[in-house]
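Q: In case it's useful when we look at the structure, here is the feature table from TrEMBL:
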ACT_SITE  B:CYS330  active site, phosphocysteine intermediate
BINDING   B:ASN267, B:ILE268, B:CYS330, B:SER331, B:ASP332, B:GLY333, B:TRP334, B:ASP335, B:ARG336  substrate binding site
DOMAIN    B:118-492  domain 'Myotubularin phosphatase'
DOMAIN    B:299-346  domain 'Tyrosine specific protein phosphatases'
Amino acid sequence: TNEWRLSCVNKEFSVCSSYPPVVIVPKCVDDEALRKVALFRQGGRFPVLSYYHKKNGMAMLRSSQPLTGTNGRRCKEDEKLINATLRSGRRGFVIDTRPLSVAQQARAKGGGFEQEVHYPQWRRIHKYIERFNILQESFIKLVEACNDQSHNMDRWLSKLEASNWLTHIKELLTAACLAAQCIDRESASVLVHGSEGTDSTLQVTSLAQIILDPRCRTIRGFEALIVREWLQAGHPFQQRCAQSAYSNSKQKWEAPVFLLFLECVWQIHRQFPCSFEFNEQFLIMLFEHAYASQFGTFLGNNENERAKLKLPQKTMSLWSWVNRPEELSRFQNPLYEANILVIWPSVAPQSLQLWEGVFLRWNRPSRFLEEAEEERINIIKYNKELQAKVNTLRRQLAEMEADEEVQEEP
Amino acid sequence: VENVKLLDRYANRKAASGTLYLTATHLIYVDASAEVRKETWILHHHISSVEKLPLTTAGYPLLIHCKNFHVAHFVIGQERDCHDVFTSLLKLSQPVKPEDLYAFSYNPKMSKENREMGWKLIDLKLDYQRMGIPNDYWEITDINKDYEVCNTYPPKIVVPRAATRAVVMGSSRFRSRGRIPVLSYLYKENNAALCRCSQPLAGFSARCLEDEQMLQAIREANPGSSFMYVVDTRPKLNAMANRAAGKGYENEDHYENIRFKFIGIENIHVMRSSLQKLLEVCEMKSPSMSDFLTGLENSGWLRHIKAVMDAGVFLAKAVGEEGVSVLVHCSDGWDRTAQVCSLAALLLDPFYRTFKGFMVLIEKEWIAMGHKFSHRCGHLDGDPKEVSPVFTQFVECVWQLMQQFPCSFEFNERFLLQIHDHVYSCQFGNFLGTCHKEREELRIFEKTHSLWPFLLQRKQELRNPLYRGFTAYKELQPNTLPFSFQFWCGMYNRFDKGMHPKQCVLEQLLSLVSHKVTLEDDAAQLENKLPLLDGPLPSEGCSLPKAGSAAPRAP
C-alpha cells in the first residue's frame with residue numbers, strides 16, 4: 001500500500017530520543033508536522049505505525065499520552081495524523097491502557113487523553129493494564145510463593161492469588177484481544193497508548209500482532225517483532241531488566257514488562273500448539289538474555305543509547321548466534337504447521353496456567369518432560385522420514401513401470 | 001419437543017432453535033440450523049439434577065447438571081413442554097430398582113460366547129501369580145466362598161499362610177463389617193506387603209488375640225523387616241471419636257512391632273461438599289483470576305487430592321524403598337483405603353500403568369474389594385449422604401501423575417474419562433451394586449456386559465502416543481509440593497470447549513502414529529516391488545526382508 005512513508009525526521013534522535021531513526025507514518029503527514037506532533041506527545045513519542053493488517057487495510061498505531069494538560073490543549077497535526085489512518089466514514093478506537101480516572105488525573109501534570117471534541121471520529125476505550133512498578137511487586141511475590149517448601153495447598157493458592165501475576169496475564173491478553181478485535185472484526189484503526197508509551201503500550205501492540213499476524217509466529221517473524229516493537233520502539237530494557245526478582249535493593253524502574261509479554265505468548269502457544277514455529281525454550285532463552293547476556297542486543301534503553309554505546313561495533317548480536325542452524329534446531333516446534341489464521345486465545349482462568357518452565361524451573365525435575373518432548377519430536381520426525389521414503393519409492397516404481405512399457409512396445 | 005434453545009456460557013442471545021428428544025436411555029438435542037447438524041446426547045443415568053429456572057424473555061429455562069460435570073442449559077418455548085420434560089427427566093434419571101439400570105437392557109450385537117468371554121478378560125488370580133502368589137508366605141484362600149468371613153469381600157482373598165482359620169474368623173469379628181486384613185499388593189523384590197482392612201472394634205480398651213495374631217502373621221511374612229506400619233487414613237480426631245462408638249484404631253501397646261500413623265484424609269461428606277464448591281467455581285460465568293483462585297482454594301479440592309496423593313506416596317515408599325509392610329485402613333476400608341492402595345500400586349508397579357494392568361487394578365482394589373459404587377455414584381434413588389466423589393479423586397490422582405510423567409502410562413486422559421463416564425452410566429455391569437455378593441445376586445455376569453472389552457476395542461484413540469514402554473520407568477516418585485497439582489480442565493470444564501487448547505496435540509500425535517502404520521505398510525509393499533533399493537529405511541523402521549533377488553533392470 002502506498003498510504004504510508006518512511007520518515008527520517010528522527011535520524012539524529014533530536015525529535016524523540018527514545019524512538020528509532022526511521023519510523024513509518026501516513027504519507028500525507030510531512031516531517032514538519034511530525035515535529036509539532038512530537039511536542040504534543042509525552043517524551044516526543046508521536047503516533048507511528050506499529051502494524052498494518054493486510055487483510056482489510058486497517059492500521060494499529062502507538063504513541064504516548066497527549067499533553068493536553070488542564071487547558072485542553074490541542075494539536076491539529078496530531079489529529080490529522082491519526083485521522084489519516086481512518087477509512088472514509090469509519091471511526092477508530094483509542095485504547096488507553098490507563099483507567100479513566102488516572103487518565104483524567106494525568107491532566108493536572110500536563111498529560112491527558114484524546115478529547116472527543118477534537119477527535120470526534122475516535123472512540124476511546126480504557127483497558128487497564130497494570131503499571132510497571134506494580135508488576136515488579138507481583139513478580140517478587142510469585143517467585144516467593146514458588147519457593148515456599150511448606151506442603152500447604154491453601155497457602156500456595158492463597159499466595160498465588162495474592163501475587164496477582166495471573167491476573168496481569170489475563171488483563172494483558174484481554175487488552176491484546178480487544179485491539180486485535182477492533183482491527184480484524186470491527187475493521188477499525190486503532191491507536192494504543194498509556195502514559196509514557198514504553199511499557200503497556202508495547203505489550204499490547206506486540207501481543208496483538210501475535211494474534212493477528214501468522215508471520216509473527218515464525219521464528220524470524222517473532223525476532224523481527226521484538227526488534228521492532230521492543231528494541232527499536234524504545235522499551236527501556238536497561239532500567240527494567242536490571243535485577244529480576246531476588247535483589248535486595250528496590251530499583252525504582254525495575255519491572256518484568258517484557259517477561260509478562262513473553263509469558264502471554266507462551267499462554268497463546270499452549271492453546272495453539274501447532275501455530276508457532278518456535279518452542280517454549282525459545283521464549284525462555286529470550287527471557288534470560290533480556291536480563292543477562294553476553295550479547296549486546298538487549299543492552300541500553302533505546303536506539304539512541306545503543307548508537308552512543310557503539311553496540312553494533314563493540315558487541316555481538318543475539319540473533320547472529322540464535323539463527324545458526326545448529327542453535328535454531330533447539331528452538332523449533334515440531335508440531336508447527338504454517339497457517340494464515342488469526343488466532344483468538346481464551347482468557348478464562350481455566351485456560352491460563354502458571355508458566356512452570358520459568359517459575360518452577362529450578363524447583364522440579366525436568367527429565368520426564370524433556371523425555372516427552374523427545375518422544376514428540378521422534379514421532380514427527382520418523383513420520384516425515386517415512387513419508388519421504390515412501391514418496392521416493394513411489395517415484396522409482398513409477399519410473400520403472402514407465403520404462404517397462406517403453407521396452408514392451410513392439 | 002420443538003423450539004428449544006441450548007445456551008452455552010457465552011452466546012446467550014444468538015442461540016439457534018433446535019429439537020429435544022427423550023428416548024428410553026438418552027436425552028438428545030438436535031441443532032439443525034447450521035450447515036453441520038449438531039447433536040448433544042445426555043444419558044439419563046448421568047443426570048444428577050434438573051432444575052426449572054425463573055421464566056425469561058426467551059422462554060422457560062431448564063438447567064441440567066450431570067455426574068460427568070456436563071451442564072446443559074435449555075430454554076423451552078412452551079411452559080407445558082418444559083414441565084413435561086422436567087417431570088420425565090426426574091423420573092428417568094432416578095431409577096428405583098437395579099433392574100431399571102441401562103446395563104440390563106443394553107444389547108449390542110454380540111454372541112453369547114463373546115459376552116461371556118468379556119467377563120473373563122480380567123482374571124485377578126493371574127495378577128497374584130504375577131506377584132509370585134501363592135508362595136511360602138501368602139496364599140489365595142476361598143475361606144470366604146460363602147461370605148462367612150466378610151460379605152463385602154470377594155470369595156477369594158489373599159492372607160498369610162500362617163493365619164489359621166481361627167485367626168481369620170477371630171479377626172473378622174474384631175473388624176468393622178468383618179473386613180479383615182488382606183493382601184492388596186506384594187512387592188516381590190523385598191517381600192514387603194501392602195495390606196488393607198477396616199477399623200478394629202477396639203473402643204478404648206478391647207483387644208482380640210486373633211486380630212493381633214493376624215497382624216503378626218503379616219509382619220512375619222516379611223522377614224526382612226522387624227516392624228510394620230499400620231496406617232489410619234482418617235484425621236486423628238475422627239478416629240478418636242470412633243472409639244466412643246466401640247471402634248477406633250490399633251493401640252501400639254497391644255500389637256507387637258507396629259508403628260502406627262495417621263494420614264488425615266477427610267471423609268466422604270467433606271469430599272462431597274468440596275466437589276460441590278469446585279463445580280460452582282467452574283460454572284462461574286466470567287470469573288476474574290482472583291475469583292477463580294480464591295474459589296479453588298475455598299473448595300479445598302486440590303488440598304484433598306494432595307492428601308490422597310501424599311498417602312499413596314507414603315505407602316509406596318514404605319513398601320518399595322524401606323521394605324516395610326503396611327496395613328492400611330480408614331473406617332470401613334472401602335473408600336480412602338481403596339484410593340491409597342490402588343494409587344500406591346500404580347506408583348510401584350508399571351504393570352498397572354498399562355491398559356490391562358489398570359483394568360486389573362480397578363477390578364481388584366475397587367470392584368472386588370467392595371467399594372460401594374452404587375451408593376457413591378447415586379445409581380439408584382437412595383441416600384444422598386452416601387454419594388461422594390471417591391473414585392473421581394482416584395482418577396484425578398492418576399491424571400495428575402500423567403502430567404508429571406507423560407511417558408509412563410500406556411493410556412491417555414480419554415481412557416480415564418471414559419472409565420469415569422461409565423462408572424456413572426450403568427451401561428456395563430462392572431460397577432453396579434456394592435460388592436461381589438450383590439453382583440452375583442443381580443446376576444450381572446449372566447445378564448450384562450463388561451466395560452473392558454468395549455474400551456480395549458477403542459485402544460487406538462485411548463492410547464498414549466508418548467508411552468515409552470513397560471520397562472522405561474519402574475517406580476514413580478511424584479513431586480507433591482502444592483504447585484505440582486494442576487486444575488483438571490478436561491474433567492471439570494470438559495464440555496466448555498472454548499476453554500481448552502484449540503489445537504489438540506494428542507489428536508495430532510495419535511493420527512501420526514496410526515498413519516505411521518499405513519506408511520510402513522506402503523513402504524514395505526513398494527520395497528517388495530522394487531528389485532533394487534538405494535539407502536536404508538529410517539531407523540525406527542520395519543525390518544521386512546527385501547523381496548526376491550531379481551537382477552536390476554537396464555534403464
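Yeah, the Cβs are placed from backbone N, Cα and C, and that goes for glycine too.
Those TrEMBL annotations? Automatic predictions, nothing curated.
Walk me through the surroundings of each of these features.
A: Within 10 Å of the C-beta of B:CYS330 (active site, phosphocysteine intermediate) there are 27 other C-beta atoms, taking all protein chains into account.
Secondary structure from DSSP puts B:ASN267 (substrate binding site) in coil. Here B:ASN267 (substrate binding site) comes close to B:ARG234, B:ASN238, B:SER331: these same-chain residues lie at least six apart in sequence, with C-beta atoms under 8 angstroms from its C-beta.
The average pLDDT the prediction assigns to the domain 'Tyrosine specific protein phosphatases' (B:299-346) is 98.
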Q: For B:TRP334 (substrate binding site), list the number of other Cβ atoms lying within 10 Å of its Cβ atom.
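A: The answer is 26.
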Q: Taking the residues B:ASN267, B:ILE268, B:CYS330, B:SER331, B:ASP332, B:GLY333, B:TRP334, B:ASP335, B:ARG336, which the record names as binding substrate, find the longest CA to CA distance and state it in Å to the nearest whole number.
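A: About 12 Å separates the two most distant Cα atoms.
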Q: Using a 10 Å radius around each Cβ and counting other Cβ atoms from all shown chains, which of the binding-site residues B:ASP332, B:ARG336 yields the largest count?
A: B:ARG336
Q: Inside 8 A of the center formed by the CB atoms of B:ASN267, B:ILE268, B:CYS330, B:SER331, B:ASP332, B:GLY333, B:TRP334, B:ASP335, B:ARG336, which other residues of the chain have their CB, for the recorded substrate site?
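A: Here the nearby residues are B:SER198, B:THR233, B:ARG234, B:THR337, B:VAL390.
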